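Feature list (source: Swiss-Prot):
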- 1-22: compositional bias 'Basic and acidic residues' (COMPBIAS)
- 1-33: region 'Disordered' (REGION)
- 47-85: region 'Disordered' (REGION)
- 66-76: compositional bias 'Basic and acidic residues' (COMPBIAS)
- THR134, HIS224, LEU225, THR226: CMP binding site (BINDING)
- THR134, HIS224, LEU225, THR226: AMP binding site (BINDING)
- 299-353: region 'PKA-RII-alpha subunit binding domain' (REGION)
- 300-324: region 'RI-alpha-binding' (REGION)
- 301-314: region 'RII-binding' (REGION)
- 321-353: region 'Disordered' (REGION)
- 337-353: compositional bias 'Basic and acidic residues' (COMPBIAS)
Amino acid sequence: MERPAAGEIDANKCDHLSRGEEGTGDLETSPVGSLADLPFAAVDIQDDCGLPDVPQGNVPQGNPKRSKENRGDRNDHVKKRKKAKKDYQPNYFLSIPITNKKITAGIKVLQNSILRQDNRLTKAMVGDGSFHITLLVMQLLNEDEVNIGTDALLELKPFVEEILEGKHLTLPFHGIGTFQGQVGFVKLADGDHVSALLEIAETAKRTFQEKGILAGESRTFKPHLTFMKLSKAPMLWKKGVRKIEPGLYEQFIDHRFGEEILYQIDLCSMLKKKQSNGYYHCESSIVIGEKDRKEPEDAELVRLSKRLVENAVLKAVQQYLEETQNKKQPGEGNSVKAEEGDRNGDGSDNNRK
């Protein structure tokens, strides 16, 4: 699925990626649905989101009226579940950012190679800063649900670390694939890392669903790194571009792009304004492994900046107080002298008298 990538350990930590704004066009001209323009590949919004069924306990036979009421309650609940699944349209996702420069540089070479063969595909390319793996998609409808999602992400952290057993999870990327010729992606190579990532994805889905969040897809989770999708450029359909031709990327079929180490998972918005570097808006992030024991550089810079500002403010306040005191002191001296003058004047008058 497509993505946005890593977020802030507060909201600004996702700045390590850049991406251009995805254009929105007349989606009726595209073979892919409107959801295809979001950072995941053709999500099936009719999936089973894991909503619990109403218990089907035995109803006492001696109370047919109550039995009828129970059946009515169950029917209402089923209708609500069906409506919830029908209205399910993910707008947030968990992202694993791709920050290895070897991987991102290799993807740029791939994209440029494709564009040299067909420059009509320019707008179908994913921006430099948006390369990622989408771990989970979800629907968060308001600020309260976003806060619940943030809590769920924090709860996910120890589960992920337990799955990894203190080891790094290395994700090697090798070769090219497509989803029905509409979405082009770099493949995640086979290996034990795949089962670990699948377990993390399933754990994330369960963690968010247990908090009442609509999350996940009906299709099997297939981790991938999207580099282009035709739905980003609906006009291509009118120009006769129906699919991504294999010949465009054939020389990269067996290319090894590099390895990414999982160190961060971000909760990102698909719809909020992207960051200045092109990366998706991040609500929160968790860091995994050694980098969690060492404070991130960005966070350290923020901390240092705050200290510098606090010191500057404190110094300014102290300077102001000193200047204020200095201004008062001459005035106080003049008052004393004036009082002494008054007393002396009174004495002179008395002498005259």
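Yeah, the Cβs are placed from backbone N, Cα and C, and that goes for glycine too.
Taken together, the residues in the region 'RI-alpha-binding' (300-324) have a mean pLDDT of 69 on the 0 to 100 scale. Between the listed binding-site residues, namely THR134, THR226, the fewest other CB atoms within 10 angstroms of a CB are found at THR226. Binding of AMP is attributed in the record to THR134, HIS224, LEU225, THR226, and the widest Cα separation among these residues amounts to 10 Å. Cβ neighbour count for LEU225 (CMP binding site): 26 (other Cβ atoms within 10 Å of its Cβ, all protein chains included). HIS224 (CMP binding site): 22 other CB atoms within 10 A of its CB, across all protein chains.
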